[in-house]
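Pulled from TrEMBL, these are the features on record:
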ACT_SITE  H713  active site, proton donor
BINDING   I450, G451, S452, E503, D618  L-methionine binding site
BINDING   C662  Zn(2+) 2 binding site
DOMAIN    15-331  domain 'Cobalamin-independent methionine synthase MetE N-terminal'
DOMAIN    445-767  domain 'Cobalamin-independent methionine synthase MetE C-terminal/archaeal'
Amino acid sequence: MSQTTTSSSTPAWTATILGYPRIGPDRETKKALEALWSGKADLASTEEQLAAVRAATVRRLNALGLPAHDASIPSSYSAYDQVLDAAVAVGAVPERFADLVGQDGTVDLVGYSTIARGRGAQAPLEMTKWFDTNYHYLVPEIGPDTDFRFADDRGVREFAEALADGFLTRPVVVGPVTFLLLAKAADGSSEGFAPISRLDDLLGAYEDLLAAYAAAGAEWVQLDEPGLVSDSATAGVEGLADLVRGAYDRLTALAGRPRLLVATPYGDASGYLASFGEVEGLALDLVKGALPADRSVLAGKTVVGGVVDGHNIWRGDLVQALATLRQLEGSAAHVVAGTSTSLLHVPHDVSRETQLDERLRGWLAFADQKVAEVVLLGKALGDAASVEAELAASAAGRADRLTAPGVVRPEVRDRLAALTPEAFGRSDYAVRRAAQDEALHLPALPTTTIGSFPQTTEIRRARAAWTRGDLDQAGYEEFLRTEIDRVVQLQEELGLDVVVHGEPERNDMVQYFAEQLDGFAVTQHGWVQSYGSRGVRPPILWGDVTRPAPITVPWSTYTASRTTKPVKGMLTGPVTILAWSFVRDDQPLGDTANQVALALRDEVADLEAAGIGIVQVDEPALRELLPLKTADQAAYLDWSVASFRLATAGAGDATQIHTHLCYSEFGEVIDAIDGLDADVTSIEAARSRMEVLGDIARAGFARGIGPGVYDIHSPRVPSTEEVVSLLRSAVGSVPARQLWVNPDCGLKTRGYAETTESLRHLVEAARTVRAELPTGAPVAN
Ligand code: MET
Ligand SMILES: [Zn+2]
């Protein structure tokens, strides 16, 4: 179509955001969905509640300064996940859920939820991490025969609903290339089949979708193509730039279509910008990515400069942001101030955090404050003088951080500066191994768990009562000790070799530590979507980190007093604490990680001094923070591995350091895992039937390893025979003296009935396979 920005009937926008939180300020979406799932609400009333969240969102965005009629307000709602939305829209519902699709191709909220959550033995779509965030999307299953067509018009109806309400919004849809790059080959596809090979077939569905939006009155549609910034998503795709080019040539050739804004959040996609051809708009991530070296790709286009970080919770440097936007002005037809990513990753509104220190609150920008920032920048683009006072106020808010007490603690800085390489290393593994064998006297194939035991209703109730003040500190601690007694006794009865305390005191493995360390703050309403209806409330790491008092030592020593077996202390590692918090942006992550590491190092020393001979430092997020660009990965692994070593290397030879990682792609980060230098590493392995053992054997990994023998993500109880067979295959590929026997992960989401039975089978199986080992074989450490 020949329409251009300047001849448009719509006024040109000056500011926008790429997307807004969908959960609702009081988690209305979650509550509505859960009521539907539990049968407490019907479909119609649930739809009404979700519509109310959407209506409140457009009003809010409008009140914050995004105009009602220029398409700058995104229509970015999703009841569960935007990738699932796209799958349903283009008819990519797996065969096993075909009965959920109506005659007309649409899927109602009940069917939609079922695809997301599974039904009986029918597994839901797999879930995996969305770029370098803590959001998880559902992975489309695409096969050679997936019948793409524009099937479900939910997104179009949502756009129309806002329009009827007086708001011309900009629908946001996952772009076709990214949709396929993020998909996996459906079961039964031939070897080597890649979903991206179906791009041409998929485009027909997108053409119809775009036509439907145009017919409903949409002037702009945003297509999100972040797949192009990720090396792992694009790996192995031949000629991707040409594929992108072909796809966008086809979409832009469509008659009567809305204008297209292609967004590439989460990084740098400059290599692909030319391939978007005639699209009218590009939205660039100028926080993670950079201005394209060749500005000619921007000529004639509306360019949304993503200068406000959609991914953190700090006030932006607006003066710098404005300067970046100004650099675009000569190259683009029209420059719009924007966020780097959707605001999906940040909580709604700082002003509700009335319990937060007021000074800290002044440094923060949640979603609503970030909208105000882009609006302000948009105004500044037109007339900087008119907003001079506001820009100055914003700069003052940032500057205040530099001098506030606690942001820089000289004693922390001095301690870090004085570290020598010795602080990062332990004795040779052989020396440690001998000292630990001597100290611990464990049998071959020692059995243990990953740390948490089921978080029962009673535990959650007691914690809630204590938080409310209905249960006093002494009463709560007494309750926790009784809980530990129970868990210890159960482990003794089951015959587990290394005992844990069960983590009843932890609401969350990161938040708990954040609450005990200085330099962190926790919010009241700062929920962000983790996946579907699940939210997390990440702590804010704002200052230099110190440990005012021992954290886990009382629980571990109490546990040791209740058993004669070795007790394993349980800490969360520095990388995971950073990954699951909002982290200060005024110094390198590695420096912050080392501060957390020092606090943990002191905790390890105190545990050791209290006689705890085994300490596990969990790092489930080690791979999660891995940069999207291969070129950046080595530097990341350097600092992340170093911080783990700093946390643990103070331990004496006889103290056994464990770590735990929650995934089975051991091969991808094997050097890093080796670099952690832990004495024992437990890892998820059951679902892949111990495939990981191949990687371990090939890499010649020589220290202790506990490949999970059962999947804790479902209540299914593995039989003893099943665990025996896994262990036999383990013993077949890795020397028995290295092997440990444990579940895939912590048990906190499980119930006691299945946990007890599963662990019983685990112990039985370990005994069986232990008896099969050649006598005289050296035992595990
Ligand atoms: C996500 S990893 C969890 C490790 C923790 N120690 C637990 O058992 O729950
Ligand atoms: Zn885990």
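Just so you know, glycine gets a Cβ as well, placed from its N, Cα and C.
Unlike curated entries, TrEMBL annotations are predicted automatically.
Within its own chain, the residue listed as 'active site, proton donor' has R687, D744, C745, T749 as residues 6 or more apart in sequence whose C-beta sits under 8 angstroms from its own.
Other than I450, G451, S452, E503, D618, the residues of this chain whose Cβ falls within 8 Å of the Cβ centroid of the L-methionine site are, in sequence order, T449, V500, M509, M570, Q616, H660, C745, G746, K748. Among the binding-site residues G451, S452, E503, D618, the ones whose Cα is located within 10 Å of the Cα of the residue listed as 'Zn(2+) 2 binding site' are D618. Averaged over the domain 'Cobalamin-independent methionine synthase MetE C-terminal/archaeal' (445-767), the predicted model has a pLDDT of 95. DSSP classifies C662 (Zn(2+) 2 binding site) as coil under the three-state reduction. With a cut-off of 6 Å between Cβ and the nearest atom of ligand 1, the recorded positions D618, C662, H713 reduce to D618, C662.
The secondary structure of D618 (L-methionine binding site), as reduced to three states from DSSP, is extended strand. As a whole number, the greatest separation of Cα atoms within the L-methionine-binding residue list I450, G451, S452, E503, D618 is 13 Å.
Contact annotation for recorded positions (G451, S452, C662, H713) versus ligand 2: C662, each with CB under 6 Å from a ligand atom. S452 (L-methionine binding site) carries a strand DSSP state (E or B).
In this structure, the binding-site residues under consideration are I450, C662, and the one with the smallest number of other Cβ atoms within 10 Å of its Cβ is C662. Cβ neighbours of G451 (L-methionine binding site) (same chain, under 8 Å, six or more residues apart in sequence): V500, G502, E503, K568, M570, Q616, D618, H660, G746. Neighbour count (other Cβ atoms within 10 Å of the Cβ, all protein chains): 24 for E503 (L-methionine binding site). Within the same chain, the residues at least 6 positions away from S452 (L-methionine binding site) whose Cβ sits under 8 Å from its Cβ are V500, G502, E503, R506, M509, G746, L747, K748, listed in sequence order.
For D618 (L-methionine binding site), the number of other Cβ atoms no farther than 10 Å from its own Cβ, over all displayed protein chains, is 25.
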